[in-house]
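Annotated features, as they stand in TrEMBL:
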type: DOMAIN; residues: 2-139; note: domain 'Nucleoside diphosphate kinase-like'
type: BINDING; residues: Lys10, Phe58, Arg86, Thr92, Arg103, Asn113; note: ATP binding site
type: ACT_SITE; residues: His116; note: active site, pros-phosphohistidine intermediate
Amino acid sequence: MSELTLAIIKPDAVKKHVIGDIISHYEKVGLQPVAIRMMHLSKSAAQGFYAVHKARPFFDSLTTFMSSGPVVVLVLSGENAIKKHRDLMGATDPAKADKGTLRALYGTNIEYNAVHGSDGPDTAQFEIGYFFPGMDLVTR
Ligand code: CMP
């Protein structure tokens, strides 16, 4: 089943100049970009996006990091895109991520972990709507 998921290339990965490498990985596994925005999130935009984590001890540090520099936000389309993307990213902690996954390749630590991906259909719908409100997304 073709579905959509939201990806973010985080400020640490943008600073490492690996935007192109990461997008190549998406395309190689059949995750087609159907929308792309480069933006510098305000702290409050990061807080709104990660609202589900607001009770977590790392919330303030996470939202400071996510608003520390530009990010690239993408909608990816493909067969089982949500799971396929999570498999490609690897575990949240780059030290525990399988070899060859995006976080193992480009992440630094559990917070500066290079990429974000929606973790389920409801989250994908919220996250896509957060950055691409009202957009008529193309399915490729
Ligand atoms: P992400 O998949 O974007 O979802 C929430 C983010 O919070 C996660 O990636 C990490 O960047 C960050 N995160 C998760 N767990 C921790 C933790 N234990 N300490 C610091 N940051 C974390």
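Quick reminder: no glycine exception, Cβ is built from N, Cα and C everywhere.
Taking a C-beta cut-off of under 8 Å and a sequence gap of six or more, Asn113 (ATP binding site) has these contacts in its own chain: Lys10, Asp12, Thr92, Asp93, Pro94, Arg103, Gly107. Ligand 1 lies under 6 Å from the Cβ of Phe58, Thr92, Asn113, His116, out of the recorded positions Phe58, Arg86, Thr92, Asn113, His116.
Counting residue by residue with DSSP, the domain 'Nucleoside diphosphate kinase-like' (2-139) contains 58 helix, 28 strand, 52 coil. Counting Cβ atoms from all protein chains shown, Arg103 (ATP binding site) has 25 others lying within 10 Å of its own Cβ.
Looking at Arg86, His116, the recorded positions in this record, the fewest other C-beta atoms within 10 angstroms of the C-beta turn up around Arg86. Each residue contributes its Cα atom, and for the residue listed as 'active site, pros-phosphohistidine intermediate' and Arg86 (ATP binding site) these two points are 9 Å apart.
It is Lys10 that, of the binding-site residues Lys10, Phe58, Thr92, has its Cβ surrounded by the most other Cβ atoms within 10 Å.
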